[in-house]
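Peer 1: Sharing a structure with you now.
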């Protein structure tokens, strides 16, 4: 065994890269390891015709203050999300055009009122411990769909809430715990921030793509890292932790930061075995189902016709799409999402068949020119070996009250990060970074209290 | 690489042992491998004072015809479950004594009517493909609790359905899909068979315990096996399958039978990676939570007082208990279950504290003599490294319709067994054996269609 690190950070996504960078900045001898041949985790950028497209996490929101600060520090520049012109809401086989907020439309039911009720309930929660709320059990025992069916009037509003769930959480309202949903809403600061472009979660994109955040953090700020390094075991003893790498390598540290999402983290061999509560959690938080598509055109023809390319539909397969053009002519594209059960069904189709359905969708909304794209990109995150779903892991009913406490609770010398463990913007890049900083702080605290003799030995 | 087997069966529980035994009986060159140092999986028997107690699967039901035949063949003898005398239903802080069926009690609500409705709905399902039923999506989108709250009148009946769920499924009614619940009921042939002793699922115990079934199958019928052999990888290529064992051993076969329950099977390294539908399934079927206790006394004092030791309670922690005496004086004991959320809470307690709560429970029901046991045994299946829960994996809402088809669908050269894949008595020993036979038949079919040249080579 060649080196003993203070900390090994497992996972080179945003949370792991930030955790390692923060540890390094605080004088900790840290090694960052990543299973892929790249950093970025659930952010992934690819260059097509000299433009970087994000196949994963994409937007920097108006209140994503940690992300803003990190990007500023790394000299990564934002560009505004285009949303001039008419948005489309496809409902009951009818196109409804609107500007600004969807609630300006004449809908069956009162959307603003419903949102206000959900926001109010969510505000009562501490997203760090939603299971401690007096009504936690009641809310965790039902799905979002149950609550909506019992409390929301108006077929249009119920549909809009369902799309919102699919787009924001990559899961069906019938799958997720209502308590977890409220914690998610609270962690973002409310419904409008999640849905919005200006000031909201979809405010800016990043020039050069989002993957570069992790790449720059790892390469420029951490320095000490290993790619293509898949962890298969985490074995703890009284003196430290041995991290077993596929292929036989063994790395040794005093502590580890485990930033892998719960379901995948459960696939590592732990010695001693995980406590039942943590193991149960890893069995109970599956990844969402999302298929991200990018259709590239010769020109942003929709703009000419007064469309923003922002659309939402109940007929799909695209549940929601946005303009993905660069303004300088390098990119003219629409980014669209297929989510939840649709993602599972379209995931079974061929690339050609999927493309056909997607561009027909755009043809319906933005005219026949949409049927002749220049290029088509698609990423089904369920097929990504080191993600096996996205954007985030969700909690089915009963999970948070059964074993939610295990999300962030260290196990011996192992601490946890990852956007699922965030208390702000759970599931977003912002949440990933927050968790990275929090985990770094925890580990610095641990190192500070280590016996001097052990520190001296290192 | 020393040997190339026709089939490697992974997992020496009931399904794997039976699958391997059936393959062997049909002339297949089969190797059975098991991670534990014993066969039996979620059946486990321990000898205390010359009597074998089952810490896991325990009863042979009246319609468990495969199990009966296998036990007969292996010369394992049944003994009737004692249920003479008064049963207890503890409800609203009151002991209700009854004989025979709980529905003879004066309850708030009509239990028989409710059971008839559930049985009727379940009868419509094909438990091999519940997701194909016209109402599958509707039923899979709600939990058992949702359905009960909307359709059942009478507080007592709602409580009884909840206990029944906890006792039979080791899960809360708020956690499980109603579609999956109906499939489970159907697979057993109806509610009464599940609940019953005479003729029902709790009719007989086995002299010498249930673990011996797998032990005998493996040692006497399979012969070719390896214990202490934990599978960490299953790598397929065009010609066969390499099974990677912890410690570095590599085994080679034409096909594999994977009998590990979904969540744990997801923890193996697959090359190529699992298809998204199968991987998603492994993320979405957690193991139930059950803590089994056995309290051993000097004599079966409850019988003297006219009690059967069969009791059900809403106050717990024991949700259900039965007589575990041998009639020849070797054993005088009560077996009791702590299930669902209670199992998670009592799992955090010390053995001493758990014992105290359990015997206080029996003291309340059967008198002060219950407070002075001779011995106390407890098994928390969540802590079992190779089970991580029991009795079976459950399906939260949305799971069966999203990826239920992947339960039994082979992946390349890998076929699946295990009680979760059964279509009769899902979750029971009977279901495990059924799945073992079914999987063996599938593999024999595959081998039959192999090119003769390959067979000749072997």
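Keep in mind that glycine also has a Cβ here, set from the backbone N, Cα and C atoms.
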Peer 1: Which candidate from B:15, B:45 does TrEMBL annotate alongside B:34, B:35, B:231, B:420 at the FAD binding site?
Peer 2: B:15
Peer 1: Among B:35, B:231, B:337, B:420, all listed as binding-site residues, which has the most CB atoms within 10 Å of its CB?
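Peer 2: Max Cβ neighbours within 10 Å, all protein chains included: B:420.
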Peer 1: Have a look at the binding-site residues B:15, B:34, B:420 and say which one has the shortest Cα distance to residue B:337 (substrate binding site).
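Peer 2: Result: the closest of the binding-site residues to residue B:337 (substrate binding site) is B:420.
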Peer 1: Taking the Cβ of residue B:34 (FAD binding site) as centre, how many other Cβ atoms lie within 10 Å?
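Peer 2: Taking every protein chain into account, the count is 27.
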Peer 1: If one looks at the chain holding residue B:15 (FAD binding site), which residues at least 6 apart in sequence have a CB under 8 angstroms from its CB?
Peer 2: B:41, B:259, B:417, B:418, B:419, B:421, B:432, B:433, B:435, B:436, B:439
